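Have a look at the structure that comes next, please.
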Amino acid sequence: MTTQVPPSALLPLNPEQLARLQAATTDLTPTQLAWVSGYFWGVLNQQPAALAATPAPAAEMPGITIISASQTGNARRVAEALRDDLLAAKLNVKLVNAGDYKFKQIASEKLLIVVTSTQGEGEPPEEAVALHKFLFSKKAPKLENTAFAVFSLGDSSYEFFCQSGKDFDSKLAELGGERLLDRVDADVEYQAAASEWRARVVDALKSRAPVAAPSQSVATGAVNEIHTSPYSKDAPLAASLSVNQKITGRNSEKDVRHIEIDLGDSGLRYQPGDALGVWYQNDPALVKELVELLWLKGDEPVTVEGKTLPLNEALQWHFELTVNTANIVENYATLTRSETLLPLVGDKAKLQHYAATTPIVDMVRFSPAQLDAEALINLLRPLTPRLYSIASSQAEVENEVHVTVGVVRYDVEGRARAGGASSFLADRVEEEGEVRVFIEHNDNFRLPTNPETPVIMIGPGTGIAPFRAFMQQRAADEAPGKNWLFFGNPHFTEDFLYQVEWQRYVKEGVLTRIDLAWSRDQKEKIYVQDKLREQGAELWRWINDGAHIYVCGDANRMAKDVEQALLEVIAEFGGMDTEAADEFLSELRVERRYQRDVY
């Protein structure tokens, strides 16, 4: 691996030090280099005195701390942009991921900015769960000397819109913190709100924080950014689909696809635990149906991000058509004066239920009206990429990336409907067809750095995807650590995803144990959480041996049920009461021994 070295004048190392560094890292793999980068970042964080060559007295350097609490990457991008704005203003700033934040130091923060998303039913992002729990515990300190601001990202189609940000904002104030600015709650189309908020934060902090010397602002403004790539959410790679294979049986109620995408010579890199972002296009048939229901032609010009496009093209490429929201229902009702929908206006619960059960196209079908093209565009939300847990390791598949896609299919009064991204991959992209993708790195879902560490993987349904990547990596590394998989689905014969591969891993000794839960193969429904309780004694032995626990899948039901089962196992076999078991599991989370990728 070769790296272009910056001019020596820009380096903090002398030529001899640089030569030693290059010699020490010349034969390291990308994964090893990434680990070394994170290691030195940790060393740096533990030695604050080394951050500046000539540190000023603490009273002159209160500094600004930005905590990024991100689930899909959007909050992290906003936090990074704010960090860059503050550095440009020559302010002393530090950006830290919530999962890396030593939250007991929060009492010493003078200027604190929180950028957070929300997941599930109003829960904080995975990396912020421990911080959230600490702030809401009896251990939380008073924050009378802390001024703070919160930017909250969410999706108004969900009931608990921006709840995590609301929680942080109210709790920081309750603990005595002073609001620099009122909290901002941003919807899916958050960019404009974020840009305005960042400018206000910079203005507010200029009067609070001293301007730092360049060496100080650069040093303390550093952040653990080990991933560099020319491809991103806003500049995706045009890759090609090479395999689209249905991996559920013909009689299964589920349509699950194994998708392989060829990355070519792009150099795009990922690690087990990362997600693949997929930009999709809406079904042309769905676009045609919606346009005709509104008595439009499809060639009407509309403005999208400053460009003029035909309506059909705009709807296919730029707007969300397969997810309805309470706001869309309410706005459509108001625009059209629909006798069916107007009674729902003002009743949040009824609006959300209607949106959850009635796609946009069927809302228009059931409550027909005539809208002009611009009115339709203004009603809709921008199309956003979907994220899929990566189901492969480049140690085995090299220039490919695999994902496991559960295709969303359902009927509305006899008319077939489907999910936007899942049906795009399953039905509309031909072999070798183009798929625009990017990697969403997830450092909060990583294999242990020590290959001897045991691993417990809990992933029912398509939640099995990242564990396929984990096993490919552990096999390639010849990691001696034990591996235990818990998997569940409705039927053994129809829904055992990647069955042959798991059987091979068991035979080869890579997979030490596998416990399977088939919920519909017997009268009594059995789920993975039941298997956890059944194997409680052995599970506790693995935990005592230092095992790392990973959970992937549904956030609203499965993940909560699994966590409850883990708490029961810890309490019973660890001889703890409920409160102590909860504290024990929280400590595992802080130690990165309990990680979740839930959605």
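Even glycines carry a Cβ here, placed using N, Cα and C.
Sequence annotations record features per position, and here Swiss-Prot assigns FMN binding site to 70-75, 117-120, 153-162 based on sequence analysis. Summarising the annotation, Swiss-Prot assigns FAD binding site to Thr322, Ala356, 386-389, 404-406, Tyr410, 419-422, Tyr599. Residues or ranges marked as NADP(+) binding site by Swiss-Prot: Ser519, Arg520, Lys525, Ile526, Tyr527, Val528, Gln529, Asp561. Annotation source Swiss-Prot lists domain 'Flavodoxin-like' at 64-202. Look at Swiss-Prot and you will find 234-448 tagged as domain 'FAD-binding FR-type', backed by sequence analysis.
Are these features on the surface or tucked inside, and what are their neighbours?
Packing around Gly120 (FMN binding site) is summarised by its Cβ count: 21 other Cβ atoms lie within 10 angstroms of its Cβ, all protein chains included.
Counting only same-chain residues six or more apart in sequence, the Cβ atoms lying under 8 angstroms from the Cβ of Gly419 (FAD binding site) belong to Thr322, Val407, Val408, Arg409.
Around the Cβ of Lys525 (NADP(+) binding site), 12 further Cβ atoms fall within 10 Å across all displayed protein chains.
Mean pLDDT of the predicted structure over the domain 'FAD-binding FR-type' (234-448): 96.
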Helix, strand or coil: which one is Ser70 (FMN binding site) in, per DSSP?
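Ser70 (FMN binding site) sits in coil per DSSP, no helix or strand.
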Kindly assign Ala421 (FAD binding site) to one of the three DSSP-derived states: helix, strand or coil.
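Note: Ala421 (FAD binding site) is helical by DSSP.
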Would you mind listing, in sequence order, the residues at least six apart from Asp155 (FMN binding site) in the same chain with a Cβ closer than 8 Å to its Cβ?
Phe161, Asp187, Val188, Thr325
Please compare the binding-site residues Ser70, Ser117, Thr322, Thr404, Gln529 by how many other CB atoms fall within 10 Å of each one's CB, and tell me which has the fewest.
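Checked Ser70, Ser117, Thr322, Thr404, Gln529; of these binding-site residues, fewest Cβ neighbours within 10 Å: Thr322.
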With an 8 Å cut-off on Cβ-Cβ distance and a minimum sequence separation of at least 6, pull the same-chain contacts of Arg386 (FAD binding site), or say none.
Gly277, Val278, Tyr280, Gly420, Ala421, Ser422
Return one of helix, strand or coil for Thr404 (FAD binding site), based on DSSP.
strand
Per 10 Å Cβ neighbour count, which of the binding-site residues Tyr158, Tyr388, Tyr527, Tyr599 ranks highest?
Tyr388
